[in-house]
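Engineer: Take a look at the following structure, please.
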């Protein structure tokens with residue numbers, strides 16, 4: 001879920017914090033990508049006749065095809081991707097996970113009815129709702145990335161939190177995910193739609209964390225409280241308080257504790273045993289691996305290894321796999337030039353440097369004039 005309604009709220013309150021961009025504008029950038037979100041996209045998008053792609057044994061291969069070709073597209077655009085995988089979810093997320101399980105059960109029942117009725121549109125819709133990224137999907141993706149020479153990070157907990165930590169440490173430029181809580185975790189830049197297929201023709205949406213805080217007039221701590229009021233993965237919001245009202249309350253009272261003192265409890269229903277303080281702590285001090293201990297390196301692809309991985313039981317076309325491996329190698333060699341702004345830095349002039357230079361120039365001119373004047377003796381004027 002991320003943060004309920006945050007994207008629209010930012011667009012309404014501070015549209016200057018969002019800009020649309022083309023994927024090619026991130027040439028030379030290192031980007032931390034929410035791997036689970038990507039795998040989910042690939043599982044629901046890479047389909048043949050309404051079903052996921054599988055091998056002869058019925059094992060799903062959609063996620064691998066998506067990961068392979070979408071990563072190549074990123075590399076071809078000069079982006080250096082770092083995939084970040086989820087670890088164990090925090091206990092506070094159990095409520096949200098239970099809701100997701102319940103929604104899948106409802107989708108399963110709806111799918112059965114749609115199948116009986118022969119309603120293909122509904123069958124496809126509910127099939128998508130049943131998609132879940134498994135541990136096996138993640139492990140296969142890690143094996144593939146290793147063969148492609150692309151680094152990945154296993155987060156101890158939430159992938160978005162780890163991505164944000166990498167951004168804050170300067171290890172990467174941005175977080176790429178569809179979940180808005182990357183901003184709540186403090187990612188300086190959030191990129192949405194970066195891993196969407198080219199066929200969808202959707203521009204990359206770039207969110208600036210600094211501009212979001214400035215636009216809302218909130219500190220990072222206050223912004224976290226706003227996100228909790230909106231509703232997050234760790235706890236529900238307060239019934240009756242929508243995005244606009246939540247923003248007004250935060251601007252007036254600055255924290256949830258004061259809001260709870262001031263609001264009319266008869267008008268607004270506060271959840272029983274509301275664990276907003278736990279949610280706040282998870283955003284302020286998330287469990288992440290120390291970015292300084294993570295070495296992010298991109299290697300040459302293992303072409304033969306990729307062929308063995310794809311062309312055995314998974315039955316991919318060998319020529320296409322080898323072609324993909326060669327594209328990765330070509331991208332790696334072209335990326336060595338990097339971005340121009342990584343080579344040149346603007347160094348501010350020391351105080352007083354410019355006036356001194358002008359004074360020196362003036363003195364030099366005077367000296368030259370003196371010398372010239374001395375040399376004109378005995379010369380015929382022109």
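Just so you know, glycine gets a Cβ as well, placed from its N, Cα and C.
Sharing the features that Swiss-Prot gives for it:
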- 1-104: region 'N-domain' (REGION)
- 34, 86, 158, 160: Mg(2+) 1 binding site (BINDING)
- 47, 70, 158, 231, 233: DNA binding site (BINDING)
- 95-118: region 'Disordered' (REGION)
- 96-115: compositional bias 'Basic and acidic residues' (COMPBIAS)
- 122-253: region 'I-domain' (REGION)
- 179, 181, 233: Mg(2+) 2 binding site (BINDING)
- 336-344: region 'Interaction with PCNA' (REGION)
- 353-382: region 'Disordered' (REGION)
- 364-375: compositional bias 'Polar residues' (COMPBIAS)
Engineer: If you count Cβ atoms within 10 Å of each one, which of the binding-site residues 34, 86, 158, 179 comes out on top?
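Structural biologist: Result of the Cβ crowding comparison: 158.
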Engineer: Between the Cα atoms of residue 160 (Mg(2+) 1 binding site) and residue 70 (DNA binding site), what distance do you get, rounded to the nearest Å?
Structural biologist: 20
Engineer: Of 70, 181, 231, which is closest to residue 86 (Mg(2+) 1 binding site) if I measure between C-alpha atoms? They're all binding-site residues.
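Structural biologist: Nearest in space to residue 86 (Mg(2+) 1 binding site), counting only the binding-site residues, is 181.
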Engineer: For residue 160 (Mg(2+) 1 binding site), what is the tally of other C-beta atoms lying within 10 angstroms of its C-beta?
Structural biologist: 29
Engineer: Tell me, which binding-site residues from 34, 70, 158, 231 are within 10 Å of residue 179 (Mg(2+) 2 binding site) if we use the C-alpha atoms?
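Structural biologist: Of everything listed, what lies within 10 Å of residue 179 (Mg(2+) 2 binding site) (Cα to Cα) is 34.
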Engineer: For a three-state summary based on DSSP, what are the helix, strand and coil counts in the region 'I-domain' (122-253)?
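Structural biologist: Breakdown, helix to coil: 69 helix, 16 strand, 47 coil.
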Engineer: State the Cα to Cα distance, in Å, between residue 231 (DNA binding site) and residue 158 (Mg(2+) 1 binding site), rounded to an integer.
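Structural biologist: The separation of the Cα atoms works out to 17 Å.
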Engineer: Near the Mg(2+) 1 site, what residues other than 34, 86, 158, 160 in the same chain have a C-beta no further than 8 Å from the centroid of the listed C-beta atoms?
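Structural biologist: Here the non-site neighbours turn out to be 36, 37, 84, 155, 159, 161, 162, 163, 177, 179.
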Engineer: Inside 10 Å of the Cβ of residue 233 (DNA binding site), count up the other Cβ atoms and send me the figure.
Structural biologist: 24
Engineer: Averaging the per-residue pLDDT over the region 'N-domain' (1-104), what integer do you get?
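Structural biologist: In the predicted model, the region 'N-domain' (1-104) has a mean pLDDT of 86.
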Engineer: Using Cα coordinates, what distance in whole Å links residue 158 (Mg(2+) 1 binding site) and residue 233 (DNA binding site)?
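Structural biologist: Distance between the two Cα atoms comes out at 11 Å.
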Engineer: To the nearest whole angstrom, what is the C-alpha distance linking residue 181 (Mg(2+) 2 binding site) and residue 70 (DNA binding site)?
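Structural biologist: It is 23 Å, counting Cα to Cα.
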Engineer: List every residue in the same chain as residue 70 (DNA binding site), at least 6 positions away in sequence, whose Cβ is under 8 Å from its Cβ.
Structural biologist: 38, 42, 195, 197
